[in-house]
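Over in TrEMBL, the protein carries these features:
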- A:19-300: domain 'RCC1-like' (DOMAIN)
- A:21-81: repeat 'RCC1' (REPEAT)
- A:85-148: repeat 'RCC1' (REPEAT)
- A:149-204: repeat 'RCC1' (REPEAT)
- A:205-257: repeat 'RCC1' (REPEAT)
- A:258-309: repeat 'RCC1' (REPEAT)
- A:368-417: repeat 'RCC1' (REPEAT)
Amino acid sequence: GEAEEAAPVFQYAGKAAKRKDRVFVWGFCYSGALGVPSFVKPDVGWKKPRRIQSTPYRLETEEKISSAACGYGFTLLSSKTTDITKVWGMGLNKDSQLGFQRSIRDRTKGYEYVLEPSPIPLPLEKPQQTRVLQVSCGRAHSLILTDSEGVFTMGNNSYGQCGRTVVEDETYSESHLIHQLKEFDSRVVQVVCGQDHSLFRTKKGAVYACGWGADGQTGLGHYNITSVPTKLRGDIAGVNIIQISSYGDCCLAVSDEGDVFGWGNSEYLQLASVTETTQVNVPRHLPFKIGKVKEAACGGTGNIVLTEEGNVFVWGYGILGKGPNLIETAVPEMIPPSLFGCSDFNPDIRVAHIRCGLSQFAALTNRGELFVWGKNLRGCLGTGRMEDQYFPWRVTVPGEVVDVACGVDHMVSMVKSFT
Amino acid sequence: QGVQGSPFAGPKKRAWTGVSLPTTNHAAREGGMRRDLKIGAGHRLDVKASGVFVLGIGDGNKLLTDLYNCHLTKVYTVGGLFGKATDDFSDTGKLVEKTTFDHITREKLERILAVIQGTNHKALLMHSNIDMKTQEAYELAVKGLIRPMGKSPPIITAIRCLQFTLPEFQLEIQCLHETQQYLRKIVHEIGLELKSSAVCTQVRRIRDGVFTLDDALLRTQWNLQSIQNAIWDCQLKVKTEIEKTLGHQDKSHLHKMDAEMAQTADS
């Protein structure tokens, strides 16, 4: 009526209101890997420390985070900014996997644990031009990929995983040493940390490795350590590799033609489709008949791939995502798309990305939903419950999940707000 | 008055309230003896809503109970209008506030719908009382058959946008244990999530369990013959659904239905 016509109109959002970029963390808190100091050291006297954050918790960051990586008890976050500070780290720092974090109380000492995202200064030649593209974290070392100054490595180098000569009796704690790697056949476009080894993928489609090799995870044809990044051959020689993955001691690579190659540990049937041996030290083609593979991810005992058609396949050992009855398989089994929300009502839902932690899996759909399954070590699944999850389960995140990084007992996600 | 029950489609804008139904010849044939048949109503439709409304008559009331215990979903088309909020969430309520809405896009709306679906999906599994650690739980989850078989709060099992022309929009909502007012509240909350406001302009039930609009009788069809046909046409699918969901329970109602179906087939 007239009263309604005359009523004022409120504006809560303008047409140009932009969606905000956010970071959410969850899992084990005491290592500091979640970056929320009050979880470990409550700011109010009567509050108790929080051991586990079982649902996504918003982490305030200064910059838009474009890459995140979860190591064993620590986290790296990076931004593509041209500002001086491009990488932040939090969590365990006993091996200087977060670089030297100067203590405030004693400026000659470094922190063993970092409780909030702290800048990691990089020895860049052009700090106001060079951008950090991606970060990766292993058991006790980190890799930082830049667009024009190669790869920077930090942390434990007992096995040459940082790509530099192993120094006997080197002390890794409170170390300022950050090493730079530039000797590859072309620009490095992806870096991956396994437990104690490192993989590098170049623009030309080659794969390099260094570090611990006792399970053949360096794929260089031997079981020794390697301290200089060396190009892999075997079944991937001359093949254009477009993606690599590792987190434990097994490695997978995907070619531009959609083929999958694997090497490293096979104690859990990861490579049993081609060999009975439990260690494979040269890349082998895995002859799966599941369609063209787009993306692969390796966990500690289980593997997962995503095909061009949007189907998800799992194999290996552990909680694989098809109920408690499927504990192990050498041959990939498909996870029914209905578990990711695909139905008659919603026929266009597809899994867009898959990720692996040490004993858990994650899948991101084209609608920005995050599904997780596997062992729920210290609440790392983020479901709000403490039970293991035997099939894909939605994690409630207040936003569209753009990417997720999985660790041993924590996860970090990059999210865009809805409006 | 003897009357057979069947699914009715209420007129679009008005709800079905009371109606005087045609008398049958039944009483006359039985030598003037009247038989009182109980008419039971299925899931409610409130005054402002319209759509499929299921009734049971005589022995059909027991089937209504069985169907209730199947906890099947219902589907509604729900109309919404951005730009204002009212005290009862409908377009006929008292104005609370007017807001801008030109920043709203279909894409933004669909993102909100995705969240609603996600949170409700979890609620669905939580209230279904199934041990999530079993292979059975996995099998049911794959088939989309996990749902609460007892009391639960309203749960939306699926929601999507059918039409979007600012300031109007239309949603299709599949749900369980709902009230129509709950659906109006969802429209209101969607408005808030989109940093605006919205009121509900229409709630129309297009499906109740196995009954759809196609099964429903229009006002003009409220006569004995149509009603009898309607009951006959739906018997098989009602029986099938009850068997599928409550299969392990006492099937005495169904046995009786079988006998009736056999009798009528013979005659």
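Cβ coordinates come from backbone N, Cα and C, glycine included.
Annotations in TrEMBL come from automatic prediction, not curation.
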*Given pairs 6 or more apart, does the repeat 'RCC1' (A:368-417) have at least three Cβ pairs under 8 Å with the repeat 'RCC1' (A:149-204)?*
no
*In the repeat 'RCC1' (A:21-81), how many residues does DSSP call helix, how many strand, and how many coil?*
4 helix, 25 strand, 32 coil
*Do you know the DSSP helix, strand and coil residue counts for the repeat 'RCC1' (A:205-257)?*
3 helix, 23 strand, 27 coil
